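Some notes on the structure that comes next.
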Amino acid sequence: MSSTSATPLLKDELDIVIPTIRNLDFLEMWRPFFQPYHLIIVQDGDPTKKIHVPEGFDYELYNRDDINKILGPKANCISFKDSACRCFGYMVSKKKYIYTIDDDCFVAKDPSGNDINALEQHIKNLLCPSTPFFFNTLYDPFRDGADFVRGYPFSLREGVPTAVSHGLWLNIPDYDAPTQLVKPLERNKRYVDTVLTIPKGTLFPMCGMNLAFDRELIGPAMYFGLMGDGQPIGRYDDMWAGWCTKVICDHLGLGVKTGLPYIYHSKASNPFTNLRKEYKGIFWQEEIIPFFQSAVIPKECTTVQDCYKELATQVKDKLAKIDPYFEKLGDAMVTWIEAWDELNPPANTEAK
């Protein structure tokens, strides 16, 4: 289906979530691709500041005052002065799918010079199965021109539902501060025409600036943690969500894809500011990642919420020794699930 098709894919089943502190003029570039969809804008920082949204977009905007009003005491689980606040948009959405993008991400061009409809590619990724249990050397077997290679077990060729589609970036790569400092001029100019399933048991660094997911399959796990104002760490919000999500997807038999689509990441953040935010995380991740690699979720946990609360307990039990922050984070993870369930009551629960 072409990007100029009369009826955009999943038009009424997908929300686009954008965290911002500034006017959203970047949407003009995305108008051909985004205008048919509903936007959820999460305004960070000063709630009295007026955010300009270009004419013609269907959107709702939430600032900190709105978050406090809707969640009450549970609002303390939503980060302030950090793009991690975007996960509030996931919580208030009523759609099956979410696409989230940063406001410094522009439309990229493919090697032929054509504009890339990132949203359309994400949707295609999500609507095709994943293959996490056995690696296909031709990458995604469900793409045009590819298939399962000789030796691939027929019993696994049906695949599993795809919960997450993780896109990439041209121009400014998503580097940590030390890498930014030693490679200040490096730009990603390589367009790799590939989508692949991340194998079961393999973690990955999830970037939240060009990301789509099936909210019904994995939404409650997409909590971007406690970051920013009043917290000892930043720039690990999407990483935390990615680690939790991947462990839960592995447990529940769901797939995670990475690769296409690309966006054009327009500007590099300040590496010295980033270093201040990341400093503790750079050390902590050397213990956090082995924790997630060895985490086991009991088979009795069959919902995302149960899995997530189990992870929260393990975080408090095993990571609090690193820093008291993880005790606080574990509590916030439980608060997040409680708030999610309040705003998204299970469909099969009868009203009392």
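Glycine residues also receive a Cβ, built from the backbone N, Cα and C atoms like all the rest.
Annotated in TrEMBL:
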- ARG150: N-linked glycosylation site (CARBOHYD)
- ARG150: site 'Required for activity' (SITE)
- ARG157: site 'Required for activity' (SITE)
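Cα of the residue listed as 'N-linked glycosylation site' to Cα of ARG157 (site 'Required for activity'): a span of 12 Å.
Each of the recorded positions ARG150, ARG157 was scored by the other Cβ atoms within 10 Å of its Cβ; the lowest score goes to ARG150.
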